[in-house]
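Below: one structure, written as structure tokens.
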Amino acid sequence: MPTPARNNHASNMQIQEPRIRSPLPPSPIAFKEQQGRPPATTQQTITGKLFRNLFKGLLFSQLTLISLLVIVLTIRGLILASSHHFHPKKWYPPLLASVAVSGVSSLALQCIFIYTPSRAVRATFWLSPILTCSVGILLVLIGSAVDAGIGAVFVLFAITQSLYGCWITPRLEYTDKILSLSTSFPPAKTREVVTLSIVISVVYSGFLVTGIGGATSTRTSLDLLFISLILISLAWTMQVLKNVQQVAISRARYVNFAYGEEMDAWSALHVTVKHLIGSICIGSTLVPIIVLIRGMIRSVNLMSGSSDEVMYSGADCFSTLANKIVVCGNRWGFVHVGTYDKGFVEASSDTWKKFRSVNDLEKVIDSDLTSSLCFLSAVSVGAVSSLTAGIWMLLIHKEYALEVTLYAFIIGYYMGRVGLAWLQACVLSYYVAYSEDPQSMRFDGTVPQRIQRLQMLRAHRENREHEVGRERQDTDESL
């Protein structure tokens with residue numbers, strides 16, 4: 001990947017020539033085949049291997065079965081298309097074109113983040129709502145009540161993004177700094193790994209589109225089940241592909257942050273694909289579920305105020321649950337999966353315990369905007385893809401405009417996540433390496449300053465709440 005000009009935030013780091021050597025675990029750069037694994041009990045090793053092999057077999061089994069299903073549906077659709085209102089020459093080109101647009105947009109997006117990360121961060125938070133709202137307006141223009149209802153959901157989602165962008169504005173400066181620090185020197189051959197991942201995503205998505213079209217040509221209730229299965233397969237496979245790239249690049253980046261050694265992303269990818277697919281499949285299943293649960297818990301906590309004792313105690317219970325489940329599975333665990341060949345649950349637990357061992361680092365990690373940034377960037381790619389397919393279908397084949405627009409959005413979203421997996425991997429490895437040796441001279445004062453800032457804000461908020469409580473008490477006594 002081309003090396004961008006050194007920015008001001010990254011200039012204080014000395015990655016290549018560390019001045020101190022901290023007592024860390026043995027360097028994982030020696031782990032090429034089966035070396036460097038952390039000690040584990042025999043029972044844990046057997047259980048871990050069982051689940052790894054189970055999920056690895058599940059991945060390849062579903063790929064085989066879905067491929068056979070897609071081939072059968074495609075052939076059947078082409079044979080029966082002449083006897084139905086389905087027109088392959090009108091249905092396929094817009095959706096296949098949107099797949100290509102998603103790939104190009106993902107490549108362009110990563111280039112923007114490499115050369116102008118600060119502008120890219122700010123542009124994402126205002127561009128994503130605009131594009132999402134445009135998709136909603138397009139769906140409303142299709143004309144039916146169902147289309148208008150789904151379009152209204154997109155418009156509401158765009159408004160929510162805008163409000164969120166206003167809410168997190170004070171945190172953008174820190175996000176800009178941490179992105180600049182972690183991505184200023186990407187591992188060698190990162191560009192090749194990212195490009196390969198996007199090409200695989202485009203080819204696989206295009207292949208599944210042919211199966212969706214074949215099922216759409218007959219539109220029976222069984223075909224709706226087939227389409228659902230294909231979309232579920234797409235979602236999980238793209239998650240695995242994203243996390244394969246994330247594990248490989250975070251491995252190479254962690255070696256540089258923690259030990260000052262160099263590892264190219266291509267070598268890390270080779271080790272990842274050969275040995276770590278099972279753990280990645282487990283993580284690809286657990287992380288989305290846990291993120292969804294934690295998101296729901298956070299929403300409940302925001303809606304519940306401290307004025308109602310029952311609601312407050314319930315919110316406190318939910319917060320305890322959220323703090324417990326995050327230890328079982330989190331995206332930071334992928335760093336130790338790639339670096340030390342740990343099982344995903346063990347890796348997640350170890351990394352989160354390290355975060356908690358550093359004063360207030362957990363709060364910094366928990367409020368990090370990188371995941372939101374990648375999510376909204378992927379939404380932008382999905383919106384561009386859906387606009388491409390939706391406008392085209394609206395002009396030539398309006399009957400299928402809604403479903404094609406939604407298919408394009410889903411495909412574009414996952415393509416965007418794959419395209420920016422390298423960026424998230426760099427940030428994850430930075431935090432994990434910092435948590436293991438906060439005093440290392442390879443890290444500047446960005447994270448400590450952020451911790452200090454959060455402590456000041458918390459102290460100010462607690463003082464304010466204390467004053468408000470005392471004022472209420474005085475008022476009640478006067479009455």
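Backbone N, Cα and C define each Cβ position, glycine as well.
Note that the structure is a prediction, hence the values are computed from the model and not measured.
According to TrEMBL, the compositional bias 'Polar residues' annotation covers 1-15.
According to TrEMBL, the feature region 'Disordered' maps to 1-21.
According to TrEMBL, the feature transmembrane segment maps to 58-79 (among others). Packing against the transmembrane segment (58-79) from elsewhere in the chain are residues 86, 88, 207-208, 210-218, 223, 226, 229-230, 233, 236-237, 240, 277, 281: each is 6 or more residues past its ends and has a CB under 8 Å from a CB in it.
Among the features that TrEMBL reports, transmembrane segment is placed at 91-116 (among others).
Annotated transmembrane segment per TrEMBL: 123-142 (among others), in sequence order. Under 8 Å from some Cβ of the transmembrane segment (123-142) lie the Cβ atoms of residues 112, 148, 150-155, 157-159, 161-162, 164-165, 168, 172, 373, 376-377, 379-380, 383-384, 386-387, 390-391, 394, 398, 401-402, 405, 409, all in the same chain and six or more residues away from its ends.
As annotated by TrEMBL, transmembrane segment applies to 148-172 (among others). Beyond the transmembrane segment (148-172), the same-chain residues lying 6 or more positions past its ends with a Cβ under 8 Å from any Cβ of the stretch are 121-122, 125-126, 128-130, 132-133, 135-142, 367, 369, 372, 376, 379, 402, 406.
The annotation transmembrane segment is assigned in TrEMBL to 193-212 (among others). Same-chain neighbours of the transmembrane segment (193-212): 1, 66-67, 69-71, 73-74, 92, 95-96, 99-100, 102-103, 106-107, 110, 226-227, 230-231, 233-234, 237-238, 241-242, 244-245, 248-249, 265-266, 269, 407, 411, 414-415, 418-419, 421-422, counting only residues six or more beyond its ends whose CB sits under 8 Å from a CB of the stretch.
The feature transmembrane segment is assigned by TrEMBL to 276-297 (among others).
Annotation comment: TrEMBL describes 369-395 (among others) as transmembrane segment.
Positions annotated as transmembrane segment by TrEMBL: 407-433 (among others).
With a threshold of 8 Å between CB atoms, the same-chain residues lying at least 6 positions outside the transmembrane segment (369-395) that come near it are 91, 93-95, 97-99, 101-102, 105-106, 109, 121, 124-125, 127-128, 131-132, 134-135, 138-139, 141-142, 161, 164, 168, 171-172, 175, 178-179, 331, 401, 404-417, 419-421, 423-424, 427.
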